[in-house]
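A.B. asks: Below is one structure. I have some questions about it.
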Amino acid sequence: MTASRVLHDGGQTPPSFMKDLPASESQIIPIATLIDELKNDNMAVRLASVRKLGDIARALGPERTRNELIPYLNEFIEDEDDVLVALAEQVPKLVDYIGGVEFGHVLFAPLETIAAVEEPAVRDKAIESVVKVASMLSREQIIDHFLPLIERLAMGEWFTSRAACCPLFVVAYRALAKTLDVDGQRCSLLLQLFAKLCADDTPMVRRAASCNLGDLCHAVDTKLFTGILYPCFVALAKDDQDSVRLLSVESCVKIGAILNKTDIDQILLPILLTSFEDKSWRVRYMAADKIIDLCKPFEPAVIRGPIVDAFIKLLQDPEPEVRTVASSKVALFSEHLDRSLIMTKVMPVVRDLASDASQYVRAALATAVMGLSKFINRDDFYDSILPLFLLLLRDPVADVRLNIISRLDGTRDLVGMDLFTNSLLPAIVELASDSNWRVRLAIIENVPLIAERLGSSFFEDHLQNLSMSWMCDPVFSVRTAATKNLTRFTRIFGPEWSAKFVVPRVVEMISNPHYLYRMNAMTAVIELASVLNAGIVTQSLLPAVLKLADDSVANVRFNVAKFLKAVSEHLSPQMIESAAMPVLKKLSADDDVDVRYYADVTIQEFNSRSRQDDVVMTD
C-alpha cells in the first residue's frame, strides 16, 4: 500500500512533498512509510517517525524540506506532548538538510508554534531548541529573524508564549552585544520589551521574567541595568504574588556580581532584608536556603550587622520549614562571623533549636551543629557544643541520631580520652543496640575513626567487644560493615595486634552453629587475608577454614574456595599441594554448581601460578 493510499484511507490529504519522491524503489517505500507514520493513529509510531525526520529531509532535498516539510510540521501542534518534545528535539538537527546555516532561521517556524503550547515541559524543550538554532545564526539572521521571533512571542495573546520567550532575551542580547554597540538602539528596545514582561498582568509571565532577570542583568552593562532592569527588579521583589517574589531572591545573587560596593549596600541590601522578613514563608524559606550565596557580595561588616540579625530571625521563624533550612546553614553562615558573635547571637538560638518541636528542625541542626566547633575554642566547645551533641545523640527520632552520629568524626580533635569515656562512650554504647539499623550502621562506620584517635588500649578496653558483637547483628548491612571494620582495625593497629584480638574471635565464629554467622566469619577471613601476613594466615586461619569444606551449607563451602584463592600468595607450593588441593578437588566434585565453579576457578589460579613458578625456575 502506498503512502498516498494510507493517508487517503485515513481521510487526510497527502502532503505535497509526497509527490516526486526519489525514483529508486528502495528509497520510495521507506520514506513514504515514514511520512505515513507521521500521521499514524498510534502515538508510538508517530514518535518513532518524528525521530527519523532527518531521513525524510535527506530524501526530499534542501529546497523541498524548507518549502514543504518544515511548514507541514506545524500541523503537529495538536499532537501528544511526547511527540511535540521529540519534534522540538529533532528540528535543530535538520539544519544540514535545509541547505546549511544560511537557512537556519527557517527552523524557527515549527519551534515558535510549539513554544506556545500549554505544557511547560514542551515549551521548555522548544525554547531550548530555539537557542540551539539561534547560536548558529549570523548577525543579519539574528536581526532579521530571531529578534522578530522574540517580539512575536512576547506580544502573543496567550500567556504561554509570553512566558516561554523570557529565556531568549539574554541569548539575543549577548548576540547583539557581540556584533553591535552595546548601547545601541536594538539592545535598549530588547530590554524595554523584557521590562513589559516583568510587568505582565499574568503571574506566570512575571515568574518566568523574574527567573531570567538575574542572567539578563549579569549580561548587560551597569547603565542599562540601572535605567531599565533595576526598576523591574524592585517591582518583582515587591510583587503581590509570593511565587514571583521568591524568584527575585535568586536574582539578588547574580545582580550582586555586577554592582559596586555602594550600589550593593544601597540597592541590594534593602531588598534582601525585606525578603528575610517577607510575609510569605516561601519567600523566607528561599532567602534562608540561599543565605550563603546572598552573603558573597557584602562586606564582613554588613554580614555581621543587619544580615546576621536577619538570619537569627530566620532561625526563630514561626514556620518549621524555614527553621529547618536555616538550621542546616548555621555552620556555613558562621564562617562569616567571629567567635564573639557566634557565642552571643548564634549559640543561644541553636540551643533552643536542639529542643525544637519539629523533628525536621532538629535533624537539620544535627547535620550542622558540629561545624560550629571550627570557629570557637575548646572551652566553648565543652560548654556549648558538646551538651547539644549529647542531647541530639539521644534524640527520640532516628534520623536526628543518625545525622549527629555521621558528624562524630568532628569531635576527634576536641574531645580528650577522659571526656570521651565519661560523656560520649555511654551514648555510643547505648546507640550500638539502637532499634534503627541505620543508626547502628552509622556508629559502626565511625568506630575506626575513634579507635585511631584514642589508641589500641582504649579500643581493647571499651570498643572491642562491641565491635565483635556487631558481627552477629540481625541486619546484613550491619554485619557486612562490622566485617569490613575488622580489616580497618588491622590496618590501624597492625597484623600482630589483629592476631591477638581479632583473629581468635573470628575463628571462634567459624564454628558457630548458625550458618549466617559462619558465612559472616568467612567473609571476614577473606577480607582479613589482604592485611595479615603469611604466618598468621597459615597458622591461625587456614586450619579453621579447611574444616568448613564439609559444611552442610553450600554458600559456606564455596566461600572456602574463595578464601583459598584470596590467600594463594601466602601459601607455599608444598602447602597448596598437601592442604589446599585435596580440599579443592573434593569441592570441584560437589553437588552444588556454585561450589564446583568457585573450586574450579581457584584450582585454575593455583595451576597458573604453578606454571609461572616452573618458568621462573627454568630460566
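The backbone N, Cα and C atoms fix where each Cβ goes, glycine too.
In case it helps, TrEMBL gives these features for our protein:
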- 30-68: repeat 'HEAT' (REPEAT)
- 190-226: repeat 'HEAT' (REPEAT)
- 229-266: repeat 'HEAT' (REPEAT)
- 268-304: repeat 'HEAT' (REPEAT)
- 307-345: repeat 'HEAT' (REPEAT)
- 346-384: repeat 'HEAT' (REPEAT)
- 385-423: repeat 'HEAT' (REPEAT)
- 424-462: repeat 'HEAT' (REPEAT)
- 502-540: repeat 'HEAT' (REPEAT)
- 541-578: repeat 'HEAT' (REPEAT)
A.B. asks: Can you tell me which parts of the same chain pack against the repeat 'HEAT' (190-226), counting only residues 6+ beyond its ends and a CB-CB cutoff under 8 A?
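C.D. replies: Result: 147, 150-151, 154, 159, 162-167, 169-170, 172-174, 176-177, 182-183, 232-233, 235-236, 239, 241, 243-244, 247-248, 250-255, 257-259.
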A.B. asks: Using a Cβ-Cβ cut-off of under 8 Å, list the residues of the same chain that are 6+ residues beyond the ends of the repeat 'HEAT' (541-578) and lie near it.
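C.D. replies: Same-chain residues near the repeat 'HEAT' (541-578) but 6 or more away: 503, 506-507, 510-511, 515, 518-519, 522-523, 525-526, 528-530, 532-534, 584, 586-587, 590, 592, 594-595, 597-599, 601-602, 605-606, 609-610, 613.
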A.B. asks: Which value does the mean pLDDT take for the repeat 'HEAT' (30-68) in this predicted structure?
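C.D. replies: PLDDT averaged over the stretch: 80.
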